[in-house]
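Encoded as structure tokens, the structure appears first; notes follow it.
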Amino acid sequence: MATLSFRNVKKTYAGNVPVIHGIDMDVADGEFIVIVGPSGCGKSTLMRMVAGLETVTEGEILIDDKVVNTLEPAERDIAMVFQNYALYPHMSVFDNMAYGLKIRRLPKDEIRKRVEAAAQILELGKLLDRRPRALSGGQRQRVAMGRAIVREPKVFLFDEPLSNLDAKLRVAMRLEILKLHRRLNTTSLYVTHDQVEAMTLAHRMVVMYQGVPEQIGTPMEVFEKPASTFVAGFIGSPPMNLLEVAVGGDGIVHTSDGIALDISPLAVPQQVRGRKVVMGLRPEHMLLNAQGLAAEIEMIETLGSEQLVHGRCGKHMVVVRCSTRQFSETPARVGDTLTIGPDGRHPLHWFEADTGRRVEGL
């Protein structure tokens with residue numbers, strides 16, 4: 001196990017194209033960090049720099065307080081699990097898992113001991129003689145993880161390992177990875193674009209946007225107190241409703257197109273009064289037929305136990321996530337107009353209109 005540190009790490013490609021704008025972060029021994037963000041945000045580039053597959057333009061990456069910028073990948077004592085498994089098709093499961101150890105010229109008895117131990121952890125014991133083509137997608141990914149485990153590295157790197165799996169298998173493999181980490185407690189860095197993976201796996205998550213870490217925190221910190229409108233709109237399904245509003249000195253709120261919101265001034269903090277800001281409301285923290293604003297229903301999504309009600313209020317689209325029972329008590333059809341508003345039990349979110357950052361002190 002090991003610590004992992006980033007000291008003002010930057011990456012610029014040829015032509016002075018910046019990809020990573022400067023990251024400072026410390027990963028504790030045994031911590032599971034998930035880097036999440038949309039395509040092109042720099043998350044995989046950051047992981048590749050840790051692995052030694054990309055050079056660091058500026059700053060330092062340290063493993064156990066040792067700068068590794070100039071070390072070859074093989075010298076960093078890390079193991080990486082890829083999205084596409086990267087298995088040798090002509091080798092058995094055993095040989096795929098043992099290959100890296102053979103290259104390092106470990107004794108045969110030690111190799112067998114490590115492979116069989118990893119196979120037991122991952123429930124691959126009966127599959128060691130099979131070739132990859134005879135395995136399911138989930139089994140192949142477990143072999144890829146087994147190949148990383150047998151190396152007994154200081155740091156695990158996971159590069160979108162579940163992206164090629166179907167939805168049901170992704171859920172199962174998330175649980176496998178959670179159990180694996182609890183058992184091995186190895187420092188881990190995990191890259192994904194999937195917020196569900198980030199929320200369920202991470203001790204802390206790094207939300208990346210355009211090469212910048214927008215927010216670093218525990219999953220619940222990020223969910224309950226997003227640092228920016230980007231984070232608010234990226235974490236949460238459906239994402240947070242964001243409305244451009246003008247707040248009067250008396251706490252009365254109007255949308256940017258002049259529609260009054262029937263919200264108690266007591267729910268409006270002093271920091272936003274007399275200003276133009278962005279107000280955020282989580283869909284699951286809103287109610288139908290509640291004080292707030294009138295919205296015309298444009299679409300209703302039925303998800304079994306839940307309903308997603310999409311309504312338009314002027315230029316803003318607003319989504320309410322409610323139980324099917326609550327929805328049945330408020331029968332509504334597309335084209336109807338309903339009042340929707342906050343449930344009063346959860347605070348509203350407020351962001352700066354110009355920067356998108358969370359209003360300080362809130």
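Cβ atoms here come from the backbone N, Cα and C positions, even for glycine.
Computed from a predicted structure; not experimentally measured.
The following features are taken from Swiss-Prot:
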- Gly37, Pro38, Ser39, Gly40, Cys41, Gly42, Lys43, Ser44: ATP binding site (BINDING)
- 4-235: domain 'ABC transporter' (DOMAIN)
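Each of His193, Met208 belongs to the same chain as Gly37, Pro38, Ser39, Gly40, Cys41, Gly42, Lys43, Ser44, is absent from that list, and has a C-beta within 8 angstroms of the C-beta centroid marking the ATP site.
Gly40 (ATP binding site) carries neither a helix nor a strand DSSP state and counts as coil. Taking every protein chain shown into account, Gly37, Pro38, Gly40, Gly42 are the binding-site residues, and of these the Cβ with the most other Cβ atoms within 10 Å belongs to Gly37.
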